[in-house]
Amino acid sequence: MPELPEVETVRRSLERTVSGKTISSVKVFHPKMIRGMEVAPFVDALKQERIERVERRGKFLLFTFDRFYLVSHLRMEGKYFPYPQAIEKDKHTHVIFRFTDGSELHYNDVRKFGTMELREKETAMSVPPLAQLEREPFDPTFTAEVLAENLIRKKRSPIKTSLLDQSIFLGLGNIYVDETLFAARVHPLTKAGALTLDDISRIHAAGVDVLAKAVESGGSTIRSYVSPTGKGEFQLQLAVYGQTGAPCPRCGTAIEKIKVGGRGTHFCPTCQQVAL
């Protein structure tokens, strides 16, 4: 699933390619992707509307119009591809936005899990799913103290599963939680309630740093992720994720993989000790 760095990379690409364009028509080939209304009113609402800019909240893309947002979640395999002119859709293209200049934006999704929803600007941030999100990790008001307060309600849960909650630490997914905990030297099975403020401070600093570096590298291309402009490169810097059996870059111990909350989890058994 694309995490914050991948979604931010997609956002930046879309901002360059579709911001300022006016939609002339929309074709929806998989109606279940459209949430909150039927396909017909969704299509009608977007006709002749101009994309002012493309924003992001956590892992959600927000196409900004005059009165509303188009809130898009890529889920597992969602991708956007801009084209300078109309082209024939492939079998995995489920939504096509046609612009008044003749260009198109195709939404492609092999798994068909992605969603699109129109939300009024006045209420979008105060109702789910956007209302449930923590502030952006790069927001200076998101401090280690805020993270510590958030973790209080997860004190009996492993820190790995706690950090996957977008109301705890926005933007982290399976890849970047593993990398964050390795950088912070915290075992993924450590209960959130067993962490010291120093532990939480290291997790906070590591999480923000990992996400920032991943954004700079265009995200991580693991399996099928690509942005509209190509593949990410942060996978070349991953210390533990996907490195089962490889030597730890700090101590040389073989990286191990376990299941935590049903998610494959990578860690160094020497550098990351369980706090009881």
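Cβ from N, Cα, C; glycine included.
In the three-state DSSP reading, PRO2 (active site, schiff-base intermediate with DNA) counts as coil. Cβ neighbours within 10 Å of PRO2 (active site, schiff-base intermediate with DNA), excluding its own Cβ and spanning all shown chains: 29. Taken from Swiss-Prot, the feature active site, schiff-base intermediate with DNA covers PRO2.
When Cβ atoms from all protein chains are considered, those within 10 Å of GLU3 (active site, proton donor) total 22, not counting its own. Here Swiss-Prot flags GLU3 (among others) as active site, proton donor.
Look at Swiss-Prot and you will find LYS59 (among others) tagged as active site, proton donor. In this structure, LYS59 (active site, proton donor) belongs to neither helix nor strand by DSSP; it is coil. Within 10 Å of the C-beta of LYS59 (active site, proton donor) we count 22 further C-beta atoms, all protein chains included.
Residues annotated as DNA binding site in Swiss-Prot, with sequence analysis given as evidence: HIS92, ARG111, LYS155. According to DSSP, LYS155 (DNA binding site) sits in a coil region rather than a helix or strand.
Annotation comment: Swiss-Prot describes 239-273 as zinc finger, evidence class sequence analysis. Tertiary neighbourhood of the zinc finger (239-273): same-chain residues 158, 160-161, 164, 174-175, 178-179, 181-183, 185-189, 222, selected by CB-CB distance under 8 Å and a gap of 6+ residues from either end.
The active site, proton donor annotation in Swiss-Prot covers ARG263 (among others). ARG263 (active site, proton donor) falls within a strand segment according to DSSP. Counting Cβ atoms from all protein chains shown, ARG263 (active site, proton donor) has 15 others lying within 10 Å of its own Cβ.
Other Cβ atoms within 10 Å of the Cβ of HIS92 (DNA binding site) number 16 in total over all chains. Ranked by CA distance from LYS155 (DNA binding site), the active-site residues PRO2, GLU3, LYS59, ARG263 have ARG263 at the top as the closest.
For ARG263 (active site, proton donor), the nearest neighbour among the recorded positions PRO2, LYS59, HIS92, ARG111, judged by Cα separation, is PRO2. Here the candidates are the active-site residues PRO2, GLU3, LYS59, and by Cα distance the one nearest ARG111 (DNA binding site) turns out to be PRO2.
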